[in-house]
Amino acid sequence: MEDLFAHSYPGTSAKTLFADVILPVPIPKWFTYKVEREFQDRIGIGYRVMVRFGNTKILTGIVARVHQKAPEAYLAKPLLDVLDDFPVVNALQIKFWNWMASYYCCHIGEVMHAALPSGLKLSTESRVQVHPDFDPEAPGFPMDERELLVLETLAKHDEMKVEQFEQLLPGKISHKIIKSLLTKGAVLLYESVREKYSPKTEQRIRLAQQYLAEKGLLQELFAQLKGKQKQEEVLLKYLQVLPVFQKPEQNTGGIVKSVLIDHGCSPSSIDTLVKKGILEAFKVTISRFDELETGQDQVELSPLQQQTLEEIQRQFQEKQTLLLQGITGSGKTEIYIQLIKEVLESGSQVLLLLPEIALTTHLVFRLKKVFGSKMGVFHSKYSDNERVEVWQGVLSGRFNFIIGVRSSLFLPFDSLGLVIVDEEHEPSYKQFDPAPRFQARDAAIMLAWMHQAKTLLGSATPAFESFYNAQTGKYGYVSLEKRYGNAELPYFHLADILADKKKNLLKLDFTRILREKIQEALNKQEQVLIFQNRRGYAPYLSCEECGWIPECEHCDVSLTYHQYQEELRCHYCGFKEKLPKACPACGSHKITTVGVGTERIEENLSLLFPEARIARMDLDTTRSKYGYQRILEDFGAGNVDILVGTQMITKGLDFDKVSLVGVVDADRILYFPDFRSGERAFQQITQVAGRAGRREKTGDVVIQTRRPDQLIFRQIMAGDYRGFYQQELRERKQFFYPPFVKNIKITTKHKDVKTAEQAALHLKNLLASIEAKKILLGPEKSLIGKIKNLYLFELWIKLEKSVSVQEQFKVQLMEAIRTLQGDRKFRPVRFLIDVDPF
DNA sequence: AGCACGCCGACT
DNA sequence: GTCGGCGTGCTC
């Protein structure tokens, strides 16, 4: 009987509901909470809920499942609250999170943490208040001075955050005092929750209704205001901007207050009129993004582009994923636009992933012109509020096309039709830290698959894995390269650093040929790009007498010299130190800089070419939200002759006047202790070289190296990606590197060297017994052996390329780590797992 | 991960 | 004696 009743009124079901909640904690579990009656008919998958976790913490979680099965092993706690009227996360996303957690060996809570903009995560603060029943006069417990101090301070405010007491009393003592006051019943401790997201509002002004109804009143009013010139002015201005008597309905929306002020009205007079009840002030919620009309920008495809587009469409019929190889400036953008248009017209959503630094370029403006306000941009420099608005925009359907960085994979899409990953070879698609350490390109393919959508990977110099997958037929492949000749390839010059040095021709790190080419370009008023992949002034300092090098106290790295602040800094833990006047080892004053950073190159250039206008673009000069854009605009406008920069200059520059590109130190890219260094050198040098010469002009590229005889340079110069690929592939096969094996890197972290190493060694032994074709390497001290006083050891696993083997292996790997952590000796050791590491 | 609880050294 | 170190266990 009861059940029948429950069926007809689901909200009053007699059965208790339970919710499995994902919480942002690294525990490989879902947590089951009881759903109280009041929440039963407004809960479901993807709702945010507030729960008590442990004794004190209050957390925001996401509901992953609602069911009726009470947990057997424990008593479920009740949900404290359901935060939304509609789900903010959909079931597909939860599926995606689960995949990511299992593929990248992390906890779903960590994925959730990365996925939700923090504006959607509630923060709780512990607050303290004087207990309402507390009587300070009552003879009760004796209070000591510190307790009285806290009570006194508290009495002045009606409530305080726990952290505020830390200023009053040093750190941890305040905790104790509050605790003792709590047991004495003098104070009340509670968690207060606040929504972090706040909508943007705008102050508006309108005419009070009564004046609108009766015209006579207004005339009277003007008579009254005679002599009050400023106020009269405001009113006149208002009527001028908004002719409310012709169109009374327009008064409701009023005018933006700042617009009136911009028209020369005095803010105080406006306020006075509002106080008198003549004008009304009100607030409206507005979007943080400009509403743009969908542009009418027409895209014309060239015959080659049209042909390529058709080929892409043809291959998409058979393949889910497709690699489009096309050199920069070959017209990929127009093809993207056409594809996106078609998918949007069919009613599906589109996601275009870009590496972070490519996101502020003309490409975005171009797309904005075409797709207008239906396109959302998701930036890493966006504020939290802006991110929440993009999230909500996808949820509400306001945006059906998103262009964004790797984390835009997590936006709440419900019907993706196409995902494009541009510059798919870019290393910035891989997240290093913290978990989930995912590769956005690969995750995008999985996400697309879950949506039954297509993925298009675009690059001029594809990642080896992608090209391999295309070669083996796993992906489709379309090329957008000119077939005959390489008319667009610039003239390459290899400059031998050592040879010039011997002949005394190397001046301030510049070879003769590069100096001459720069001078030539300057004479012709053409622009120059100088590429140096190291920011700062100099990597490190060294004593000329004894060779002493300043090192960080907490990390196993040398300190970087920052000229501007005259200090030495650790890039790993933030440790700072004033520049020593004398060498602490031998007392010598001859401390010199070793190595070259962008700052130093900039300085050298200004010495070599005093008449040139030089700018620098690296992490340090582009930190602000629009810093990058400003430098690019300046360069584009021709206000700069020479632009020095890191990898950033390989992106987004598309200027006709660049006739010369210089690579200061190619060896730095080439000799990186990493199996991908060759690949990366090929990609980076090709990319930056591609900036030289456009359209009708052929540019020059000068590559400075100590080893000009290397094969890779000839391949770069010939634009021979395939040749390079073939040769490199043979090496990868021979030495068991991806794409022939699956790499997993495990890093152990502990304050004691021995323990860190032993943990890795024990893990290796446990893994050795797992049945799978594999190679185990290490443990070896990490490249940077110590960070923040924790020692790091690495274990590399090369696993056979079989999905089922990998899945099993990962499960057993997690088990092995759990076993190890059962050993008290290894309990405090942290194990970081990196699947497909770089 | 955080956080509380609990058992040991170095100070008023 | 207390304070505060950090090893240990737990979170629905």
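Keep in mind that glycine also has a Cβ here, set from the backbone N, Cα and C atoms.
Predicted, not measured: the structure shown is a model, and the values here were computed from it.
These come from TrEMBL:
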DOMAIN    A:313-480  domain 'Helicase ATP-binding'
BINDING   A:C543, A:C546, A:C583, A:C586  Zn(2+) 1 binding site
BINDING   A:C552, A:C555, A:C570, A:C573  Zn(2+) 2 binding site
DOMAIN    A:578-732  domain 'Helicase C-terminal'
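Note on proximity: of the binding-site residues A:C552, A:C555, A:C570, A:C573, the one nearest A:C586 (Zn(2+) 1 binding site) is A:C552, by Cα distance. The record gives A:C552, A:C555, A:C570, A:C573 for Zn(2+) 2. Within 8 Å of the mean position of their Cβ atoms, the other Cβ atoms in that chain belong to A:E553, A:H554, A:V557, A:L559, A:H571, A:Y572, A:G574, A:F575, A:I787, A:K788. Remark: of the binding-site residues A:C552, A:C555, A:C570, A:C573, the most isolated position is A:C573 (fewest other Cβ atoms within 10 Å of its Cβ).
For A:C583 (Zn(2+) 1 binding site), the same-chain residues lying six or more positions away in sequence with a CB closer than 8 A to its CB are A:C543, A:E545, A:C546, A:W548, A:H589, A:K590, A:I591. In sequence order, A:E544, A:E545, A:G547, A:W548, A:P584, A:A585, A:G587, A:S588, A:K590, A:I591 are the same-chain residues whose CB sits within 8 A of the CB centroid of A:C543, A:C546, A:C583, A:C586, the residues recorded for Zn(2+) 1 being left out. In the three-state DSSP scheme, A:C543 (Zn(2+) 1 binding site) is classed as strand. Note on the binding-site residues A:C543, A:C586: the fewest other CB atoms within 10 A surround the CB of A:C586. Around the Cβ of A:C546 (Zn(2+) 1 binding site), 13 further Cβ atoms fall within 10 Å across all displayed protein chains.
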